[in-house]
Amino acid sequence: MEGWRGAWYVPCLASLETLQELCRKENLTCKSIGITNRSLKSYEVEYLCDYKVEEGKAYYLVKWKGWPESSNTWEPRKHLNCPLLIQNFLRDKNEYLSRGRGGKAMKLRNHVKTLKPAIADYIVKKAKQRIALQRWKEELNRKKNHKAMILVENTVDLEGPPLDFYYINEYKPAPGINVLNGITTGCECADCPAEKCCPKEAGFILAYNKRKKLKIQPGLPIYECNSYCRCGPDCLNRIVQKGTPYSLCIFRTNNGRGWGVKTLQKIKTNSFVMEYVGEVITSEEAERRGQFYDNQGNTYLFDLDYDSDEFTVDAARYGNVSHFVNHSCDPNLQVFNVFIDNLDLRLPRIALFSTRTIKAGEELTFDYQMKGSIDLTSDSAEGLSPSKKSIRTVCKCGAMCCRGYLN
């Protein structure tokens with residue numbers, strides 16, 4: 001917080017309203033909770049809580065930005081210059097009413113002078129959710145290391161941001177695990193791929209064509225140029241390391257699958273979409289965590305067994321957008337093992353590529369069992385399956401070829 005030179009402590013579980021009151025009492029500013037120099041000296045509508053009509057005049061109960069709810073006041077409509085917030089208020093009110101009538105639109109009658117407490121409570125919850133999701137979106141976009149935007153959307157329920165999820169851009173190794181093996185050499189190509197480019201040195205072909213689209217079959221590894229290579233950032237063998245090039249939206253699904261991810265841009269076939277990241281842990285630790293996740297009915301464990309079964313990626317608490325990608329028995333994304341600055345076959349990076357053209361607005365999915373287009377007869381393909389779960393989980397993907405269970 002700004003404006004304070006000495007030590008200043010607040011309870012770690014203090015509510016937003018408590019922090020706002022403390023800031024005002026000490027004349028402190030804290031942008032993250034809405035306390036700025038401007039809000040310390042002025043009043044700005046944060047959201048509208050309730051509605052009533054008195055003596056023929058319409059009033060709204062106002063939550064002031066940077067002020068606790070105890071400071072809410074009733075204000076006449078003519079004093080409010082916040083058309084978007086009024087629009088949100090009316091939309092949330094009508095949404096609540098329409099749900100009570102099976103989705104049919106319904107408006108309050110003209111003679112109704114107050115809202116029922118249940119309606120006002122829903123409107124406040126939606127307003128708080130909207131603010132929380134906006135803050136989460138801003139946080140995600142601050143932490144990401146790629147240019148494309150991340151959006152957040154929930155038009156289904158009152159669920160807010162996950163409370164125990166932390167965005168990361170690359171693997172977070174557990175103590176004792178080294179995800180960088182100290183590589184000190186790279187290719188000498190002036191124009192990749194040359195005769196001794198990185199893939200050929202590893203005994204494989206270049207994974208991408210001249211349009212930077214994938215040209216290898218599932219099950220084969222991708223070897224990209226690394227930080228010691230002479231080629232520049234525009235090298236056609238530098239794709240996964242640049243991060244996702246597409247703007248994506250984390251959205252709430254309407255069929256009980258929780259959060260999902262959809263693309264906001266058209267994605268062509270065989271294009272890199274995103275990387276799957278999380279904590280890198282030992283397989284023994286994965287077994288222990290897996291028992292706990294089984295009881296919850298979900299898991300984010302992904303075995304790194306391209307060459308062995310020593311390590312697992314756990315994206316439950318630490319991950320990127322891929323944490324929210326749902327399963328489908330007919331997916332539009334395919335998993336590939338990638339090696340860049342680490343050539344340790346036990347620790348490949350996991351990249352998701354499109355299997356077909358994906359339209360803007362379409363949900364992104366991959367097969368948690370990694371079947372389908374993978375050549376299951378190859379040894380390497382067997383290493384692409386997430387950790388097995390002892391409890392069978394019903395699949396809700398809705399695909400024509402749905403297997404019925406996620407595992």
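The backbone N, Cα and C atoms fix where each Cβ goes, and this holds for glycine too.
Remember, TrEMBL labels are computer predictions, not curated facts.
Features of the protein shown, as given by TrEMBL:
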- Cys187, Cys198, Cys225, Cys229: Zn(2+) 2 binding site (BINDING)
- Cys187, Cys189, Cys192, Cys197: Zn(2+) 1 binding site (BINDING)
- Cys192, Cys225, Cys231, Cys235: Zn(2+) 3 binding site (BINDING)
- Arg257, Gly258, Trp259, Asn326, His327, Tyr368, Lys396: S-adenosyl-L-methionine binding site (BINDING)
- Cys329, Cys395, Cys397, Cys402: Zn(2+) 4 binding site (BINDING)
- 43-101: domain 'Chromo' (DOMAIN)
- 185-243: domain 'Pre-SET' (DOMAIN)
- 246-369: domain 'SET' (DOMAIN)
- 391-407: domain 'Post-SET' (DOMAIN)
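A map of TrEMBL features onto the structure.
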| residue | record | Cβ within 10 Å |
| --- | --- | --- |
| Cys192 | Zn(2+) 1 binding site | 21 |
| Cys225 | Zn(2+) 2 binding site | 26 |
| Cys229 | Zn(2+) 2 binding site | 20 |
| Cys231 | Zn(2+) 3 binding site | 22 |
| Arg257 | S-adenosyl-L-methionine binding site | 17 |
| Gly258 | S-adenosyl-L-methionine binding site | 13 |
| Trp259 | S-adenosyl-L-methionine binding site | 19 |
| His327 | S-adenosyl-L-methionine binding site | 19 |
| Cys395 | Zn(2+) 4 binding site | 19 |
| Lys396 | S-adenosyl-L-methionine binding site | 15 |
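By number of Cβ pairs under 8 Å, the domain 'Post-SET' (391-407) is matched best by 246-369 from the list 43-101, 185-243, 246-369. The binding-site residues close to Cys229 (Zn(2+) 2 binding site), defined as a CA atom within 10 A of its CA, are Cys189, Cys197 out of Cys189, Cys197, Arg257, Lys396. Between the CA atoms of Lys396 (S-adenosyl-L-methionine binding site) and Cys187 (Zn(2+) 2 binding site) there is a gap of 46 Å. When the Cα atoms are compared, Cys189 (Zn(2+) 1 binding site) and Cys231 (Zn(2+) 3 binding site) turn out to be 6 Å apart.
The binding-site residues listed here (Cys198, Cys225, Cys235, Trp259) include Cys198, Cys225, Cys235 as those with a Cα within 10 A of the Cα of Cys192 (Zn(2+) 1 binding site).
Just so you know, of the binding-site residues Cys187, Cys402, the Cβ with the fewest other Cβ atoms around it within 10 Å is the one at Cys402. Ranking the binding-site residues Cys197, Cys235, Cys329, Cys397 by Cα distance from Gly258 (S-adenosyl-L-methionine binding site) puts Cys397 first. Each residue in His327, Ser328, Asp330, Lys396, Gly398, Ala399, Cys401, Arg403, Gly404, Leu406 lies on the same chain as Cys329, Cys395, Cys397, Cys402 and has a C-beta within 8 Å of the C-beta centroid of that Zn(2+) 4 site, without being one of the site residues.
Helix first, then strand, then coil: DSSP counts for the domain 'Chromo' (43-101) stand at 23 helix, 22 strand, 14 coil. With every protein chain in view, the residue among the binding-site residues Cys198, Cys235, Cys329, Cys397 whose Cβ has the most Cβ partners within 10 Å turns out to be Cys198. On a Cα basis, Cys231 (Zn(2+) 3 binding site) lies 11 Å away from Cys198 (Zn(2+) 2 binding site).
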